[in-house]
């Protein structure tokens, strides 16, 4: 194939040019985004059961839905929260599951459970878009909340307009309460008419519900029959007739006993921007869309809509992905360009300027052509795919350097340009193929990692494997063709008969030549005592493993971004007004701190999901503050510790957790201890003990559990005998009292584009039982048609109730969580685990570790399994090439040495062992074997083709391969150096482990591989000689 490619070199170059043009066009069309799109393997099921206590929600809703969901065979985790009126269930699939098929099954299970739910429970709502990230968050900032209603038409119009933008999947308005038809019943008038709320509810439902009439056939035409007269406004609802009196000739209408108004629902969420009230428009993107292009279309639409904005309303873009994408691509682009420049400079040290440019051309061409198939695998331009290019940067020139160096060697031997190009590429063709496949084998198995972490890093094996294969083809075709053209044009080749030698190429050509002579002399010494030399080198490499206990362990570092989050949770029993006021006050304090540019405060919910590891949360007692930090003035990392201390002192009763964004899969609090059992009282006691153990561990901060304090509760103690006597049921009682608290939805109204609830309320509110005597007089309708005041059969008492019940895999569970300050989570867990093991547990109760520890162990185990697969693949590939089972072991010794070098690099830079550092180690296993493969291939050729003895063949091969070995290692190091210096905490450990491993293994490989090969080959020769001697003696002894 190589001969044909060189013979028809014009055709070869034409196809390469076409592929380059296609690659360039494809590259320009690749979508850009910050992170790879992750397949959602998590879904939520939320069910409202108005007025129900947490234990009722658990028993009557949560458990019934969980029982059905648990019938699925691919559920990894099933977690739930049962709190007042709400059941929330989160379903996580086993990694590798077919998400779409699983969600279809989940819908069927939820629908089956719905039939078993109480009549008052609303239909479960399933959400499979939990991984969807906001493209842009827009604030409409006002001076007062009184302006909200005036902005409603504008926000609805803008929502509709933005949804028409190509690439937008949805637009959500938050911070603006939904509207309802509020029907406030007048208790005195109802009593006067001897009516109860159930009659009004039935009248409203009868007026709303319609039965489809059907069609009629008339005059050869089918006509649909419809009944008109549906409500179209609140005033029409007010005209609803409750009953008619034929004798008196009059009727009682709803407006006669109730006030009917169109009003906002109870305010449950508030947003502040730099201290001012705001409404948010949250824009989300469709899958696969190009983020910068989408943002440009959104900006164009917003420019057209801005003139509609009132002069006293400010429009602010609190967040958009395009800014982060541009910043990311700018940083990584600089690293990529600096890496390319560094590779060119390094190549020029051992190559002429022309050949260094030729070799370096493999980088852009391999990238452009190698990215062509990426669309088929769903890979776009994101930080992971760009980092893959940075990693492979220095490797792409390896094959070209090897081929070019061998062509140069053939030219030095006096071969003509055509012969030098052909033989120079053919001699190394097999070893280059093996080395490339071995390198790709180190990366490609990463493609099969499952779960979110697999989706996150999947571009790395795809991009690296594809570009490596292209670089191999280019090195065996384009490089020899261009070298032949170059040499034929120069006509400067010197035949061996002239007795002249070509000058060593490159800026350091003479130095490389001198170094090769020094190396040749050292190899001769090594060949005298190969066993001692090999053992010393291996011992030096092994000594680095003593650093392992000194290295920290961290799954993923925090993201070094300008966003800083502050989570807020008020004590149980706090009102939403308390949450809103406290969140606003904390936001005002944060806004005054140095380095803070903007502050967005969310009360009653978290900020909209703007980052892939964050999850949206909703609770009247919680809030979240999103602070934008000027990182040129102060580091986000430095603020977390100081803010935690100061805010805790200012608000001692509030759980306040400042934190940075996470890298990698979502973990939440790094320390998470799960306690499971049946009795909540026992679980709370155990939780208190575990919290004490964690607080006593140095470095633990923000320790809490997810149950919290008990909620103040009004207990209605029912006298069942009296209730039965009056013909009252618990349902009548609870529903009627709900009128005085939250109201009861009885129907709905299509009002413009809105479907508005019609809700009944009593004008008797529920406050403190001792202060509110109106509640005692609330009339309760009975089954026999009578009306009786609540005080006749109910006593009101104050007590406490657990605020929420959590379950993990269908067991009641309390999770104790903690963050760390000044210590790695893994180091804290080393101290904590013995304490937890010594904690006595009652029968039937279990303790388990979650958080970073759980996620890290699972991912590290997966990396360990893949490492075994990688080594096996490399072993098989090398064994096939050399038809030997010992040679692969010899070459794989370089992987062992590289691992030791990686540990040294991590230790010297202070980087912990994490997922990305392990990724670097796995990458090393393919990169470092290349030199060993080519070196041994040269030794074999020298022995077989040139007839050299073992020692001379090793020395000749070592001398011939010294320059390309050093150049390929140097190019790989120089390509990764920008990432090691400026790659941030996420990518720096990977770059450091690869760089230090390459340097360490390259130096030792030049000694270890020749030594071990000399030992193994010498042993094989002695065995062959012994067999030959026995074969010669055998016939001779028989003749004797």
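Just so you know, the numbers here start at 1 and follow the chain as drawn.
Here the Cβ of each residue, glycine as well, is placed from N, Cα and C on the backbone.
What TrEMBL records for this protein:
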type	residues	note
TRANSMEM	12-30	transmembrane segment
TRANSMEM	336-354	transmembrane segment
TRANSMEM	384-407	transmembrane segment
TRANSMEM	428-448	transmembrane segment
TRANSMEM	460-482	transmembrane segment
TRANSMEM	531-556	transmembrane segment
TRANSMEM	862-882	transmembrane segment
TRANSMEM	889-908	transmembrane segment
TRANSMEM	914-936	transmembrane segment
TRANSMEM	965-987	transmembrane segment
TRANSMEM	993-1013	transmembrane segment
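The listed stretches are 531-556, 914-936, 965-987, 993-1013; of these, 965-987 has the most Cβ pairs under 8 Å to the transmembrane segment (336-354). Recorded stretches compared: 384-407, 428-448, 531-556, 889-908, 914-936; the one with the most Cβ pairs under 8 Å to the transmembrane segment (965-987) is 384-407. Beyond the transmembrane segment (531-556), the same-chain residues lying 6 or more positions past its ends with a Cβ under 8 Å from any Cβ of the stretch are 662-665, 667, 824-827, 852, 855-856, 859, 893, 896-897, 899-901, 903-904, 906-907, 912-916, 986, 1000, 1004, 1007-1008, 1011-1012, 1015. Ranked by number of Cβ pairs under 8 Å to the transmembrane segment (12-30), the listed stretches 428-448, 460-482, 862-882, 889-908, 914-936 are led by 460-482. Using a cut-off of 8 Å between Cβ atoms, the transmembrane segment (384-407) and the transmembrane segment (460-482) share at least three residue pairs, counting only pairs 6 or more apart in sequence.
The listed stretches are 428-448, 460-482, 862-882, 914-936; of these, 914-936 has the most Cβ pairs under 8 Å to the transmembrane segment (889-908). The transmembrane segment (428-448) shares the most Cβ pairs under 8 Å with 914-936, out of the stretches 460-482, 862-882, 914-936. Residues 2, 5-6, 9, 12-13, 16, 358-359, 361-362, 365-367, 369-371, 373-374, 377, 379, 384-385, 387-389, 391-392, 395-400, 402-404, 407, 421-422, 424-425, 429, 432-433, 436, 439-440, 443-447, 919 of the same chain sit 6 or more residues outside the transmembrane segment (460-482) yet have a Cβ under 8 Å from a Cβ within it.
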